[in-house]
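Asker: Sending over a structure as structure tokens; questions will come in a sec.
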């Protein structure tokens, strides 16, 4: 018989738990792990980490390999001028000064590799979080208390908890003590289940993310103070949970394995993470190690190294696979190709000898282009496990923050020992600064590089990607905000009713008569106490006046509405495989009340797919286009030749026949059409122009930061912007093909011959500089600077003697801008070698600065970007997206005002405005720019004069308050164009209200040259000052601020990435989908939500006031006229489903009619579906119907007798309650059904279900229920003819006034929707099916006095314009 007890396993378990208890003791007492005592999580077999800095020297071979140079070329010239992005300096500082300046700087993070310097050991310990990500709100232990706490933060839930607790006191509610908890429990349980499911999904994603495997260097010393500082209670919980889990694991496996000898403290602490990944075991960790062969140091000969000559590495150091959650600050990790970056890493070395690698940041900022990153010169030698473990240095960097594009720090390493005369403490400290270009951020993916070794700088919650999460502000819809005041009014009404009941109860109790004394044995001395008790009893009785389930019902309805938006195939983009994705489910009704839309231009109104169309070279203009140019000329009523298209096609054909040097794989895709340019490029007669064309296109092929890649034998360009890609592609199409950009060498095939250029420096583009420059050295050793940028920054930097070409180029660029093209200038200069070396020293010093590095680099860059030679200018077309003009026309008819906020030039924005129907030739355009108005007072005077002479306003506060209430469409004859500098003036408090007054009189507002912060400021100004619902739409990272500021943010998934769509409330594929999102789903959702909330208050009022009227009949003693189960199930089963169905499915007209008649949307802008008038109309209707329901039953019982079929009189309170509750349930459900705009099968089914459930419950409960008084009540009352008479009479009297009013209103005072539906009903199905998708054949009825608007170019016709008297 086999043994049932494994004694070896038990023995091993004892020793393991003993070690675990020691670890827990140290953990609970917070023993810091310094200088080799590395206590961290991870399933690795750790060696002795107590070893210090080794004193043995490298072998001669390793030393020679460390000092190897990049190549002979770098040795001859670049020894004194390093890569600009990786510049470094060495400085000598004393240990005394070093310690003195760093003693207590909390703004600096220090990370030590291998050991802590002696002078730093007195510094306070720094605690770092683990790399474990936790986005869940709850844990299994904290879920119930924390979720309940969050739910009871809602004042309504807290109120109902108080009422429920009151019901537990027999003095206030002597019966049904247990049942009182059911309604609140159902609400809390439903919400808890929803929150639990959402949190479980987050937990699954967290677990998957945390258990992703990565390569980590083990067997070396991580000398930092590790782990996050957590409280004693959390440590105790972790200790208990880990102990229980590990014991269960050990007992589970004790019969399978021979023992648990390999179970140690280190791998116990992470047993959970190991078990969660089926492909990851302890054995696989030890076997799945990674060998890295040493590669020689690529640093320059004069650079310092973090590996000292007397240092030696650990022979036990090796890279092993671990879970990413076990990474700690100070760990060294290796990332392989196509792997995700597990933490924020400082790049130590790469596979490339020059230290470059490429990353994709799509998961971080949504951009799909590759970005180049660089290893530090001092750490390029760390290419193997041995060398990484031998390195000794420390890093000083910024504390964690959320900026994705900024990170400054410095690497410091001890140098050689000096004599006392040279230094105070005889220590030389080497420093090399680094920036964001040397850091790999968590969330990026390594591309086009075999491997990268990095040092962990930030982990877990301190990484950039985590710092940028959760920044989206919590938004609430306007209805939700208004609903808070409605709830407050209901609370006040409830308290007034309770106080009224208490006063009358005390009055009734004060009456001394024989009946009261005989029946109650009470006298008037207890009257005040009865009044106080009655107040609390009434609070329990009338609690449904404040709807307990309203908020959860709204969440359910909004979730279903969001699903409908997601499932709409008309908003599905097949090219991007992108549906409309709602990310904020609680603001869907705001989509139906948008009055102002703020839109970006590039990538939002346009496709962000750049096409090179025209250029100016040496004062000669090239290029023809008939796409957007034709459209703009037509809209501006300019002279347009209909034969232009044919001429362009013939010119293209002639060009392709002549062109023989292009390396374009598909010549038909060429967008730059100019046979004259090809003739000049290939001409042997006009040498000067031929050379100019040659140098211009060579500059296009060299001045960029494009990364080349080959996929399936196809050359791919990965550019940081679509503009750069367009420039490089057009150079390729005309024989200047960029073949390779690796190792900072550009290989270009020019006329069939490969040319190599060494990239010495790249001065990147910034929004402040508005230009970028590349410094290159050609094969002849000549150094060139090529610069491209805006004309406003290039022209001032040109050398003298170019007046003729400058004037011609300016005219050409102005012409290009007037045609809607994006323009750039291209310039160059040849630099003397000695001048470059002197500039390089200053540039290195600027790059080495720890503080204000960007400003210093920009200042030094100005020194070399001077005396430029103008080569020419470019014109790039950004085509409009599909149906943009038609969508803008629809939105304008709907009464929505569209403002365009763009960073483009004024001329470009104006012409895009013409092309997309924002502007027309008959408009008067008010231009406000800093060139014309240089001071705030001048801008204010201009706006006041414009308001006075054009619109008759004096700019007073009274006029502004009047305009706040005016939501009518502005004049179609005026528009405003303002630039970013002038916008700073109008955003001031002194001028802002005048600017808004002027904007309300203009159809279109174009804000040009604006920054992201200015975009957000404009949105905030309109939203807060005008008290309107705003929407912002964009596609780039620069649009995130205004998207988050607006009431509704919409992001477009485009070429610029997904930064906007990730921060938005709704993500769509193209701008044209916005029309359907607002005019169909927005209008539906707003109308449905308003109707649902009105129904909710109505049904609760009618039910509550029946109980209130009954109190007059029984002297306010707080008794129910219904059976208590009816009170409990009223909101849960009897009336809830019809309200939810109405909020989800009701619609007045279908989607196609909504799109054809955008003017229907104006009711949402005016707030006509939900306002105080509508609320009180439903409240008063409910009060009236409650009086009818109670009064009819009271009347018939007072003057008549009811006898059951058994001959028994029907006169008990339970029977009378059934006489009242039955018609009440009928009335409520019929009222909801008949107030819906359209009846459908789902509505009828839910209506029958609600009525059926009421009667099923009534019969079952009256037959088998525990209530003696209610026993057989259903069978007694329902078999009497009088019961049904009372029911029919009550229904008729309740519903007759409401539906009489509706009929009269539709006949004599029809709204626009009534006229439209009447017309639709009169039309045949054949006529309806023959209508087009963009034009409606719905004609105006003769009853409406407002005319139809004129047809637009797209064929869109408005339907009925609103007559204010009918609203």
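Using the three backbone atoms N, Cα and C, a Cβ is placed for every residue, glycine included.
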Asker: Topology question: in Swiss-Prot, are residue 1086 and residue 1198 both on one face of the membrane?
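Answerer: For residue 1086 and residue 1198, the topology recorded in Swiss-Prot gives opposite membrane sides.
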Asker: Tell me which range among 1031-1051, 1052-1072, 1241-1261 Swiss-Prot lists as transmembrane segment.
Answerer: 1241-1261
Asker: For the transmembrane segment entry in Swiss-Prot, name the matching range from 1003-1023, 1150-1170, 1213-1233.
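Answerer: Feature transmembrane segment in Swiss-Prot: residues 1213-1233.
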Asker: From the ranges 511-531, 532-552, 553-573, pick the one that Swiss-Prot records as transmembrane segment.
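Answerer: Comparing 511-531, 532-552, 553-573 with Swiss-Prot, transmembrane segment matches 532-552.
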Asker: Honestly, do the transmembrane segment (155-172) and the transmembrane segment (532-552) touch, with at least three Cβ pairs under 8 Å and pairs 6 or more apart in sequence?
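Answerer: Contact between the transmembrane segment (155-172) and the transmembrane segment (532-552): present.
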Asker: Please check if the transmembrane segment (1213-1233) comes into contact with the transmembrane segment (1125-1145), where contact means 3 or more CB pairs closer than 8 Å and the residues in each pair are separated by 6 or more positions.
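Answerer: Contact criterion met.
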Asker: Restricting to the same chain and to residues at least six past its boundaries, which positions have a Cβ under 8 Å from a Cβ of the transmembrane segment (532-552)?
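Answerer: Same-chain residues near the transmembrane segment (532-552) but 6 or more away: 154, 156-157, 159-160, 163, 166-167, 171-173, 183-184, 187, 190-191, 483, 487, 490-491, 493-494, 497-499, 501-502, 505-506, 1093, 1096-1097, 1100-1101, 1103-1104, 1107-1108, 1111, 1116-1118, 1120, 1127, 1130-1132, 1136.
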Asker: How many helix, strand and coil residues does the topological domain 'Lumenal' (1113-1124) contain under DSSP?
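Answerer: Counting residues by DSSP class gives 2 helix, 0 strand, 10 coil.
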Asker: Could you give the residue numbers and ranges of same-chain residues that sit at least 6 residues beyond the transmembrane segment (1241-1261) on either side and whose C-beta is under 8 angstroms from one of its C-beta atoms?
Answerer: 1123, 1125, 1129, 1133-1135, 1137-1138, 1140-1142, 1145-1146, 1218, 1222, 1225-1226, 1229-1230, 1232-1233, 1267, 1270, 1274-1275
Asker: Could you name the stretch, out of 178-197, 1092-1112, 1125-1145, 1175-1197, with the greatest number of CB pairs under 8 A to the transmembrane segment (483-503)?
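Answerer: Checked against 178-197, 1092-1112, 1125-1145, 1175-1197; highest Cβ contact count belongs to 1092-1112.
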Asker: Take the transmembrane segment (1092-1112) and find every residue of the same chain, 6 or more past its ends, with a Cβ under 8 Å from one of its Cβ atoms.
Answerer: 479, 483, 486, 490, 497, 501, 504, 538, 541-542, 544-545, 547, 550, 553-554, 557, 1118-1122, 1130-1131, 1135, 1138-1140, 1142-1143, 1170, 1174-1175, 1178-1179, 1181-1183, 1185-1187, 1189-1191, 1220, 1224, 1227-1228, 1231-1232, 1235
Asker: Near the topological domain 'Lumenal' (1113-1124), which residues from the same chain, at least 6 beyond its ends, have a CB less than 8 A from one of its CBs?
Answerer: 172, 175-176, 179, 501-502, 504-505, 508, 533-534, 537-538, 540-541, 1106-1107, 1190, 1194, 1213-1214, 1216-1217, 1220-1221, 1261, 1267, 1270
Asker: Going along the chain, which residues at least six beyond the ends of the transmembrane segment (1175-1197) come within the CB cut-off of under 8 Å?
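Answerer: Cβ under 8 Å, 6 or more out: 486, 1094-1095, 1097-1106, 1108-1110, 1113, 1121, 1211, 1216, 1219-1220, 1223-1224, 1227, 1231, 1282, 1286, 1289-1290, 1293-1294, 1297-1298.
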Asker: Kindly state the mean pLDDT of the topological domain 'Lumenal' (173-177) in the predicted structure.
Answerer: 63
